[in-house]
Amino acid sequence: MDTESTYSGYSYYSSHSKKSHRQGERNRERHKSPRNKDGRGSEKSVTIQAPTGEPLLANDSARTEEAQDDNWGETTTAITGTSEHSISQEDIARISKDMEDSVGLDCRRYLGLTVAAVLGLLVFLTPIAFILLPPILWRDELEPCGTICEGLFISVAFKLLILLIGTWALFFRKQRADMPRIFVFRALLLVLIFLFVVSYWLFYGVRILDSRDRNYQGIVQYAVSLVDALLFIHYLAVVLLELRQLQPMFTLQVVRSTDGESRFYSLGHLSIQRAALVVLENYYKDFTIYNPNLLTASKFRAAKHMAGLKVYNVDGPSNNATGQSRAMIAAAARRRDSSHNELYYEEAEHERRVKKRRARLVVAVEEAFIHIQRLQAEEQQKAPGEVMDPREAAQAIFPSMARALQKYLRTTRQQNSHSMESILQHLAFCITHSMTPKAFLERYLSAGPTLQYDRERWLSTQWRLVSDEAVTNGLRDGLVFVLKCLDFSLVVNVKKIPFIMLSEEFIDPKSHKFVLRLQSETSV
């Protein structure tokens, strides 16, 4: 079954010809009315198919969303034109800014990697050069070393191998993010290694190369001491970069500015920028996806209240705007007393609609899964060439549940979070692993973590870190910093974990003895 036949259960197409369609469109253009603007008419629903990968439903304004009833799909005529490639002036400005930022970040990232790679190559080649240069330059003048030097050669080889593996495990990792500032401890370690190697080279050039030292065993031991010192520096790097931050010292409260959703995390001694990175990594897996459609209800309610206020100028044009504004404020204050009743009934009506459409969706999905189970039983008797794969099976049963899912996602304002392709992929995944209808519906009945949805629905190109202090400073008690993206921000409040005092109290097991007191009035 192709994609168009699958989507036909989701959209409603008119059976008229192209000519009658154009005539109807011209008639609607000539006879516009408030009824047509609201999208209501006596005809059946006609929707032009959107390209695959677009949101499940197009964005509607808050006014249209509030005005919909349960029979919206049967009383609405929607003629839409879609374009797969559209761009605005704001998008062009944002894309150009992102390109400039990405070029600067790429240059800085590759420069740091180049410096680290060159320094690492210098570190590993230095002990080998210390051992090989004397035999190459003055072989005949060297004193014989014998078995001692051969044992030192084996020691140097294995120590360099251990150092190589440790360096690869600690430093050569895929970068998780681009930081606004350098990592202080990492930079200090690089500077320390550079000064250490340069000092060894200076001593080697003055005391060994210039004087042509003949004691080859001492030269090899000098190289071994360099490798030992490099191993100790690597141990210092493990302590500073990995072990120091393991013990929790601070509690971070992260609050999303739009809906107030919050989480708590415990961190050790970290800089502000690294703490921000940890917060963002946990945000994508712990916070529910940001849905701006859920915030439009209060704005629409306030706009509706203000739209119902009318001010009449009975004294002529002499009155200024100050009197009108005061009159509107006073009228809004009088209407505020009854607004809580309106809010109560609106929420009750919305909950009723959600429960009804949820019940319809659950029944439709259960019937669809029963159908696919029946297909599986029938497919066992067919030839191997006629067996349906999970994708075809998902396309076969999707039209039977598409309308109920469409209405439920519109009612709960989740239409922007799910595309038709993502729903089909999730349905095919559930069929492949023999999941129940409840497992399929869990993604749509309750909002999940951000990572559960498609990356293009939530991935922010850039976060901005706003702090009163330098981002390379460490965390402290009472610190507040903000992580901003395009639509919302995360406010992070740092609190130090309090010092806890525990005392021990010993109770003798022999003291657990009791006496039963009997009274004459009791039945015992």
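The backbone N, Cα and C atoms fix where each Cβ goes, glycine too.
Here TrEMBL flags 1-15 as compositional bias 'Low complexity'.
Annotated compositional bias 'Polar residues' per TrEMBL: 73-85, in sequence order.
According to TrEMBL, the feature region 'Disordered' maps to 1-85.
Listed as Cβ neighbours of the transmembrane segment (110-132) (distance under 8 Å, sequence separation of 6 or more from its ends, same chain) are residues 153, 156, 160, 163-164, 167, 171, 182, 190, 193-194, 197, 200-201, 204, 219-220, 222-224, 226-227, 230. Taken from TrEMBL, the feature transmembrane segment applies to 110-132 (among others).
Residues annotated as transmembrane segment in TrEMBL: 152-171 (among others).
Positions annotated as transmembrane segment by TrEMBL: 183-204 (among others). Counting residues 6+ beyond its ends, the transmembrane segment (183-204) has Cβ neighbours under 8 Å at 115-116, 119, 122-123, 126, 130, 222, 226, 229-230, 233, 236-237, 240-241, 271, 274, 472 in the same chain.
Same-chain residues lying 6+ beyond the ends of the transmembrane segment (219-241) with a Cβ under 8 Å from its Cβ atoms: 123, 126-127, 130-131, 134, 145, 149, 152-153, 155-156, 159-160, 162-163, 166-167, 170-171, 185-186, 189, 192-193, 196, 200, 204, 208, 213. Sequence annotations record features per position, and here TrEMBL assigns transmembrane segment to 219-241 (among others).
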